[in-house]
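Marked as disulfide bond by TrEMBL: 74-84. Residues or ranges marked as domain 'SRCR' in TrEMBL: 5-106.
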């Protein structure tokens, strides 16, 4: 399965709320309470052709669509978030849009 990501509602093109396309539907990712925030940001930013991620947190502007993924916990070497451990697609019990993931990417787009 090919997964696509995009950043929306950011102050600049290299930051924003992360949205992921799953089965043709765009939705958000619920922020994990795990430790590997910067590694997860790295994978997301590299998917978008940035050099690396420098920050991950909760979105400044909440999403309104479905929450599609929870518990994303990348190690940093993955080429795509679909290679990262997570709690499963659509398994988002307990998630709210106030927990939508936001990243800031660094480095020129390749």
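Along the chain as shown, residues are numbered 1 onward.
Cβ atoms here come from the backbone N, Cα and C positions, even for glycine.
Helix first, then strand, then coil: DSSP counts for the domain 'SRCR' (5-106) stand at 17 helix, 37 strand, 48 coil.
On the 0 to 100 pLDDT scale, the domain 'SRCR' (5-106) averages 90 in the predicted structure.
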